[in-house]
Amino acid sequence: MRIILASSSPRRRQLMELLGIEFEVEKPDVEEEFLESPEETVRELSLRKAEWVFKKRKEEEILVIGSDTVVVLDGNILGKPESLEEAKGMLKKLSGKWHVVYTGVAFVSSETKDVIVSSTKVRFRELPESVIDYYVEKYRPLDKAGAYGIQDFAAVFVEKIEGDFFTVVGFPLGMVWQYLYEKGWWKVASKREDDKGGARVAFG
C-alpha cells in the first residue's frame, strides 16, 4: 500500500516527511466552504480532499490523507484571506485576543474512512499596525487560515498557547503518527545484517 498526501501545503508535506515514510503528494480540487461548526467544517473538508484523490486513483491500493484547518474568533470562522487587505483585517481582529485553531485529518482507503479533529487555543499579543503591515507584505499569508503561520515570523505574535502546536501549523503530527501506528501502518522495519544505516521505518 502506498500513502498519498492530498494537499498543496508545503508545511504539511514537511511535517509528513518527519514520519520517515515514503509518500506522494497530490493537490485535491475541492472548493472550501464553511459549515455550521468549525469541527464539522474541518471534518468534512479534510474528508472531501482525501476522497477526491482516492476516487481519482480508486484502482490503486492506497491510503490517502487529507487535512483542513480553520481559525475561530468570537464564534466566527476565519479561513484563508482572499487579499492582502483581508489578511491585515484578520490580524487586526486577532490582535490581543484568544482564538481557537481547528485541524481535521482524514484517512481514506478501500477499507478505511476515519477523521480525527484537534483544537488548540492561541492568544496573540497586541500587534502594532506597522507590524501587521510588515508581516502581510513580506510573508503574503494568503494560503493560511487566519492569515498567519505560527512556524514563521508570526510565532512572535503568540503570547500563550494551550494545546498541540502542530494543530496550529495545520497538521497534528503526533495524532497522525499515533493513528498510523495503531493501525499497523507505521512500524520500524527489521534491520538487515548488511544495513549500516541503523533503524528504518516501513509503511503498510
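Each Cβ is built from the backbone N, Cα and C atoms, and glycine gets one as well.
Taken straight from Swiss-Prot:
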- Arg11: site 'Important for substrate specificity' (SITE)
- Asp68: active site, proton acceptor (ACT_SITE)
- Thr69: site 'Important for substrate specificity' (SITE)
- Gln151: site 'Important for substrate specificity' (SITE)
Checklist entry - What's the CA-CA gap between Gln151 (site 'Important for substrate specificity') and Arg11 (site 'Important for substrate specificity') in angstrom, rounded? => result 9
Item to check | Entry from the recorded sites list Thr69, Gln151 having the most other CB atoms no farther than 10 A | outcome: Thr69
Item to check | Rounded inter-Cα distance in Å - the residue listed as 'active site, proton acceptor', Arg11 (site 'Important for substrate specificity') | outcome: 12
Item to check | Packing count at Arg11 (site 'Important for substrate specificity') (other Cβ atoms within 10 Å of its Cβ) | outcome: 19
Checklist entry - Distance between Arg11 (site 'Important for substrate specificity') and Thr69 (site 'Important for substrate specificity') at the Cα atoms, whole Å? => result 12
Checklist outcome for this item: If you count the other CB atoms within 10 A of the CB of Asp68 (active site, proton acceptor), including all protein chains displayed, you should get 28
